[in-house]
């Protein structure tokens with residue numbers, strides 16, 4: 001039985017994924033705390049899968065780890081070059097950076113290529129300041145057309161001094177497959193896995209070199225482990241911009257995978273002004289420890305939501321529980 005639901009809310013240090021505030025709900029079970037935090041643009045049917053992950057964390061706990069720390073990347077939003085450099089230098093020793101690209105204005109205008117290239121050049125400079133071997137990947141969140149991806153990736157590859165891979169450059173699986181055949185940058189699939197009715201289509205169409213798995217959207221750590229085995233491609237574990245309670249599930253997945261060839265996108269508590277734990281999951285020497293932090297009363301007080309937000313989350317939780325329990 002899940003109990004003690006607590007709603008949290010925090011401003012973001014930089015606008016990210018089109019939002020300025022992140023919020024969610026924490027709930028406790030016999031195995032610990034779980035987090036429920038689907039974005040508000042997800043409908044109830046899709047969000048119910050996130051609750052499966054919440055219940056797993058709270059009621060079952062996580063599989064045994066095979067490693068005691070997880071290498072992570074720093075995430076660089078669509079910011080000016082000087083700010084991008086600051087973010088990398090303050091990342092806690094991360095040697096891999098994921099840089100957001102393919103951002104569009106409210107009118108739909110794509111960010112100029114010269115601005116994206118300048119951001120990547122600044123990130124490369126910051127990584128090189130820490131020594132050789134730094135890696136850069138870009139994340140377009142499916143925001144490019146095929147033509148835009150074909151035009152931009154070679155330029156960005158040069159600006160970065162070589163890209164590790166491009167994450168979800170286009171939305172359509174067939175475009176990913178074509179892009180993968182026509183240029184040299186590796187392609188990683190994210191939304192084509194976690195928001196697809198048939199995630200194996202990416203494999204059948206040879207549309208990706210790497211898959212990105214996120215625990216909440218895919219229904220839990222064990223569901224992700226099963227999917228990773230079916231896909232048979234290298235896996236990168238990323239967050240859904242959760243608090244440290246939710247991030248612990250991603251860390252648990254990364255710690256349980258048999259192989260972890262790439263840094264994971266789990267250092268996102270750095271993007272929150274307020275976390276819900278006393279000691280957030282933050283990278284040290286570019287890695288997160290495999291541990292499970294618990295909510296802290298003082299931290300929760302700092303992350304207390306407006307009444308309307310709290311009421312909306314409690315109502316949403318009840319609706320999603322009704323879907324999973326078959327009463328709605």
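Every residue gets a Cβ built from N, Cα and C, even glycine.
In the three-state DSSP classification, residue 100 (active site, proton donor) falls within a strand. Shown in sequence order, 16, 75, 76, 77, 78, 138, 139, 141 are the residues of the chain, 6+ apart in sequence, with a C-beta less than 8 angstroms from the C-beta of residue 100 (active site, proton donor). Look at TrEMBL and you will find 100 tagged as active site, proton donor.
Residue 214 (active site, proton acceptor) falls outside any helix or strand according to DSSP and counts as coil. Positions annotated as active site, proton acceptor by TrEMBL: 214.
Annotation source TrEMBL lists Mg(2+) binding site at 139, 167, 190. Listed in sequence order, 98, 137, 138, 139, 140, 141, 188, 190, 212 are the same-chain residues at least 6 apart in sequence whose CB falls under 8 Å from the CB of residue 167 (Mg(2+) binding site).
According to TrEMBL, the feature domain 'Mandelate racemase/muconate lactonizing enzyme C-terminal' maps to 77-186. Within the model, the domain 'Mandelate racemase/muconate lactonizing enzyme C-terminal' (77-186) carries an average pLDDT of 97.
The 10 Å shell around the Cβ of residue 139 (Mg(2+) binding site) contains 24 further Cβ atoms across the protein chains shown. Residue density at residue 190 (Mg(2+) binding site): 23 other Cβ atoms are found within 10 A of its Cβ, drawing on all protein chains shown.
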